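What follows is one structure encoded as structure tokens, with my remarks underneath.
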Amino acid sequence: MVKIIDGKALAKQENEKTAHRVEKLKQKGIVPGLAVILAGEDPASLVYVRNKQRKAEKLGIYSIQKNFPATVDQATLLQTIEALNDDPKVHGILVQEPLPKHLNGQALVAAIDPQKDVDGFHPLNVGKLYNHLPGNYPVACTPRGIITMLDSLNFNYVGAKVAIVGRSILVGRPMQALLINRDATVTMIGRQTPDPAAIIKDADLVIVATGKANFLTASMVKPGAVVIDVGINRTPEGKLVGDVNFEQVKAVASAITPVPGGVGPMTIASLMSQTVDLAEWSLENAKG
Ligand SMILES: NC(=O)C1=CN([C@@H]2O[C@H](COP(=O)(O)OP(=O)(O)OC[C@H]3O[C@@H](n4cnc5c(N)ncnc54)[C@H](OP(=O)(O)O)[C@@H]3O)[C@@H](O)[C@H]2O)C=CC1
Ligand SMILES: Nc1nc(=O)c2c([nH]1)NC[C@@H]1CN(c3ccc(C(=O)N[C@@H](CCC(=O)O)C(=O)O)cc3)C=[N+]21
Ligand SMILES: [Mg+2]
């Protein structure tokens, strides 16, 4: 029997812990704060923004939303980031991806104080993760949430063959780092990869983050593999679907995440807990 990995239930568990940690910080006079910068109207970003606003409010996290039209210029966004870097009420800053093409997203992320980089996208934090350095630093929320899901299955990382489809800074690359740091053998797949089907068919764990509905079909998957679906796509009818043909693949996989109710809620839970991490670390730094 296939196990449907319940992202909503796992997220609820994590959110309860987060709410408790928020309470403890409040007793010390600190309210964890999260600032989100959005330029334009990417549909997946709008889903994300709506859900995390709601969750932050529920958990007692102070949240600020900075919305700009798609025509906003780089200097305005840089000024916004600098003001948030200097705002003591803000512990986490996030710039929504994707950004309109005329903007330099890398430069914006590099302008975020690395200690407020709640997405873990700043080059300093990416470098720490990639080098498997010890210590406290933020890591990308979606891969962090996926690790929580895999841990819940007692997934055996050591020696596991993993195929990751998609190589973005948001998902694929940090996912690769977290998995190689756990001694998995990871193959990255992009548009130019020759014979991706053969690589995927050999994998014990398949993680799909392409933004292409129905990318992964049953015949591509090794029987008993674990399948993680990161994709968020809207059908013409307005339904939310992932990158995996869920009905087909669940007949072959040993465990699979649904969309909605899989990776998405875990991403939000990771974002909330990491906002609290940053607030706690800033308190430790202030003491030390
Ligand atoms: N549920 C959640 O919490 C989150 C969901 N998402 C969703 O996940 C999806 C991916 O997002 P993101 O990582 O930002 O995506 P990007 O659009 O930045 O990257 C897509 C990646 O997929 C690869 N790709 C696309 N088509 C194919 C193909 N046919 N064969 C092989 N590789 C392909 C691209 O390859 P190449 O590099 O060669 O161009 C690229 O690396 C989106 O639907 C997004 O909305 C994203 C973040 C969080
Ligand atoms: N800097 C940055 N960091 C991100 O992590 C980031 C981003 N930009 N841009 C957009 C993508 C997309 N993303 C989602 C997170 C949660 C849901 C989510 O809550 N999904 C619910 C949707 C439920 C519903 O509302 O129907 C689910 O899958 O169950 C969706 C999408 C994060 N992203
Ligand atoms: Mg400053």
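Any Cβ shown, glycine's included, is placed from N, Cα and C.
Record features, source TrEMBL:
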type: DOMAIN; residues: 5-119; note: domain 'Tetrahydrofolate dehydrogenase/cyclohydrolase catalytic'
type: DOMAIN; residues: 140-280; note: domain 'Tetrahydrofolate dehydrogenase/cyclohydrolase NAD(P)-binding'
type: BINDING; residues: G166, R167, S168, I232; note: NADP(+) binding site
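Where TrEMBL records a feature, it is marked here on the structure.
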{"residue": "G166", "record": "NADP(+) binding site", "Cβ contacts under 8 Å, 6 or more apart": "G172, I189, G190, I207, V208, A209, T210, G211, V230"}
{"residue": "R167", "record": "NADP(+) binding site", "Cβ contacts under 8 Å, 6 or more apart": "R173, M188, I189, G190"}
{"residue": "S168", "record": "NADP(+) binding site", "Cβ contacts under 8 Å, 6 or more apart": "A209"}
{"residue": "I232", "record": "NADP(+) binding site", "Cβ contacts under 8 Å, 6 or more apart": "P43, A44, V47, G211, L240, G242, V259, G264"}
Give the mean pLDDT for the domain 'Tetrahydrofolate dehydrogenase/cyclohydrolase catalytic' (5-119) on the 0 to 100 scale. 96
Kindly point out which of the binding-site residues G166, R167, S168 have a C-beta less than 6 Å from some atom of ligand 2. none
According to DSSP, how is the domain 'Tetrahydrofolate dehydrogenase/cyclohydrolase NAD(P)-binding' (140-280) divided among helix, strand and coil residues? 52 helix, 26 strand, 63 coil
